[in-house]
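J.: Okay, these came from Swiss-Prot:
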type     : residues                                                           : note
ACT_SITE : Cys50                                                              : active site, nucleophile
BINDING  : Thr49, Cys50, Asn51, Arg52, Ser109, Glu114, Thr115, Gln116, Gln120 : substrate binding site
BINDING  : Gly189, Ala190, Gly191, Glu192, Met193, Ser194                     : NADP(+) binding site
SITE     : His99                                                              : site 'Important for activity'
Amino acid sequence: MFILTMGLNHHTAPIDIREKLVFKESEEEMALVTLQQEKSILENVIISTCNRTEIIAVVDQIHTGRYYLKRFMANWFQMDMEKIEPYLFFHEESDAVNHLYKVTAGLDSLVLGETQILGQVKHAFEIAKQTATTGTLLNKLFREVVTFAKKVHHHTKINENAVSVSYAAVEVAKKLYGSLDNKKIVLVGAGEMSELALQNLAGSGIADITIINRTKSNAELLANQFQAKVGAYENMNEHLMLADIVLVSTSAAEPIIKQAAMQDLMEQKASSMLVIDIGLPRNVEHDCSYIPNFHLYDIDDLAGVVSANSLERQRIVLELEKTIEAEVRNFFEWEKQLGVVPVIRALREKALDMQEVTMTSLENKLPGLTEREYIQIGKHMKSIINQMLKQPISELKEMSVEEDATTSIEHFKRIFGLSETDVTVIEKEQAETRS
C-alpha cells in the first residue's frame, strides 16, 4: 500500500484551467465511488476548492496508481489526458503526507495561514467517510492532520490578521478608489466568501450595500447580520448600473455576468465599475475585462495583494515545517506497526510467482504464440490478479486495527498459504531498505 497525491493548484495551473477541473459539490459522492472502482485504488479522498483540486489516495502500486488517477481525472472532466498532465503534480508517500499537513494548516494556500481550507479538508474527509472510500490509512491520516491544523491555529500566530481573498478584494477596491466613503457595493452571492467580504468592509465607509442571491432567503439572512439591503436576482443589471464595486462569488457552473449585457450596461453607465470575481468556475465572462471602465479582477489577480505576509509569520512557517516533518515520521512509524505491509507484499509476490510459473508453462505448451500475444496474456493475467487481491487487501487493512488483529492476520496468512518465511523475508528487505 502506498499513499499517492495527485492534483493541481494555484501554483501549477492558471484559473482558466482550474475552473474546468472542479468537482461540483452535488457530484462529490459519485466521483469518490467512481474513483474507488478504478484498478489500483484502495482508498481515496477528493479535495476541491477555488484554488486546488487534489486527490489523496491509497494505491497498491505507485506507477499504476498514477495512471489510473490521471485516467479518472481525464474521463470525469471529459478532457484529453495529455491536456491535463502538464498542470498536475504528484506526491508519493512521505511527500504526500507532508503536503497534506501543509495544505490543511494553510501553509500552501494563496492566503498564508488562512483557516478556510481546514474546514474544506474536514468536509472532504467527512464526505469520503460517508461514502466509504476511506479505510485504515486515510482515516488515521486525516484525523491526525485535522487535529494538527487546529493546534496550529490555536497555539501560533500564523492566522493572526491573516489576509483572506475577500480581504484582498477589499484592498483592491481601496487602491482603485482611494477611499470607500459613500461608495455603493453589490455582492452577488450569499455564501462564506460574501460574508468574509462584509466583515472586511466593516468600518470602511461604504454607504450602501446590496446583496443579490438566487435564493433570496439566504441573502436576507446575510443582510440582517450586516444591515445591508437585498436586491432581486432577476433585476441584477439594474443594481449593477448603480454600483461602484461588485463582488461576485456564487457556485454557478457557468458565468452569470455576460460580456454582451455588460457592454450595453457600461455604455449607459456614467461611472466606472470595479468587479471582483472570486468564484470558481468564474462567474464573470473574461471578455468583460475588455470593456472600457469595467475593471475586472479574478482570484489569480489578487495573488499580488495577498503575497505580502509578515516576517513573523514566515518565521512561524519555518518552525511549523520542522514540526510537520516529525508528524510525518510518526505517521509512518504507526503504519509500520500495523504489521500488514509485509503480509500484503508476501501475498502479492506469491501471486506474481504463480503468474510467472503459469506464463512459463503457457509458453512451453503454446510455442506458436507471438511475442505480442504473450505480452497481452501476461497483462490480462496481472490485471486479474490485481482485481482478485484488491478486496482481500482492503479487508486485511481493516483487520489490522481490530482488537484481535494478530489472530485475524494469522488466519489471513493461513487462508492464502503464506508461511512465516514468506513474510519474514519481506520484513528483512524492508528493514534493509530503511537502514
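Sequential numbering from 1, following the chain as shown.
Here the Cβ of each residue, glycine as well, is placed from N, Cα and C on the backbone.
Note that this is a predicted model, so its numbers are computed, not measured.
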J.: For Gly191 (NADP(+) binding site), which residues in the same chain are close in space, meaning a Cβ under 8 Å from its Cβ, but six or more apart along the sequence?
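T.: Set apart from Gly191 (NADP(+) binding site) by at least 6 residues yet with Cβ under 8 Å, we have Asn218, Ser249, Thr250, Ser251.
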J.: In sequence order, which same-chain residues at least six apart have a C-beta under 8 angstroms from the residue listed as 'active site, nucleophile'?
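T.: Within the chain, the residue listed as 'active site, nucleophile' has Cβ neighbours under 8 Å at Arg18, Val22, Val165, Ile278, Gly279, Leu280, Ile299.
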J.: Round to a whole number and give the Cα-to-Cα distance in Å for the pair Thr115 (substrate binding site) and Glu192 (NADP(+) binding site).
T.: 12
J.: Would you mind ranking the binding-site residues Thr49, Ser109 by how many other Cβ atoms sit within 10 Å of each Cβ and giving me the lowest?
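T.: Relative to the other binding-site residues in Thr49, Ser109, Thr49 has the fewest Cβ atoms within 10 Å.
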J.: Determine which residues of this chain, when Gly189, Ala190, Gly191, Glu192, Met193, Ser194 are set aside, have a Cβ within 8 Å of the centroid of the NADP(+) site's Cβ atoms, and list them as they appear in the sequence.
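T.: After dropping the recorded site residues, what remains is Leu187, Glu195, Leu196, Ala197, Leu222, Ser249, Thr250.
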J.: DSSP three-state call for Ala190 (NADP(+) binding site): helix, strand or coil?
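T.: For Ala190 (NADP(+) binding site) - judged by DSSP and reduced to three states - the answer is coil.
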J.: Quick one: what's DSSP say for Gln120 (substrate binding site), helix, strand or coil?
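T.: Once the DSSP labels are grouped into three classes, Gln120 (substrate binding site) ends up as helix.
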J.: How big is the substrate site in terms of the longest C-alpha to C-alpha distance among Thr49, Cys50, Asn51, Arg52, Ser109, Glu114, Thr115, Gln116, Gln120, in angstrom?
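T.: The two farthest binding residues have Cα atoms 15 Å apart.
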J.: Cβ-Cβ under 8 Å from Ala190 (NADP(+) binding site), same chain, 6 or more residues apart: which ones?
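T.: Once residues fewer than 6 apart are set aside, Ala190 (NADP(+) binding site) is near Ile211, Asn213, Thr215, Asn218, Ala219, Leu221, Leu222.
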J.: To the nearest whole angstrom, what is the C-alpha distance linking Met193 (NADP(+) binding site) and Asn51 (substrate binding site)?
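T.: The Cα atom of Met193 (NADP(+) binding site) is 13 Å away from the Cα atom of Asn51 (substrate binding site).
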J.: Where His99 (site 'Important for activity') and Ser109 (substrate binding site) are concerned, what is their Cα separation in Å, rounded?
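T.: That comes out at 11 Å between the alpha carbons.
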J.: Given the binding-site residues Gly189, Glu192, Ser194, state which is nearest to Ser109 (substrate binding site) when distance is taken between Cα atoms.
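T.: Of all the candidates listed, Glu192 is nearest in space.
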J.: Count the other Cβ atoms sitting within 10 Å of the Cβ of Glu192 (NADP(+) binding site), across every protein chain shown.
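T.: There are 13 such Cβ atoms around Glu192 (NADP(+) binding site).
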J.: Helix, strand or coil: which one is His99 (site 'Important for activity') in, per DSSP?
T.: helix
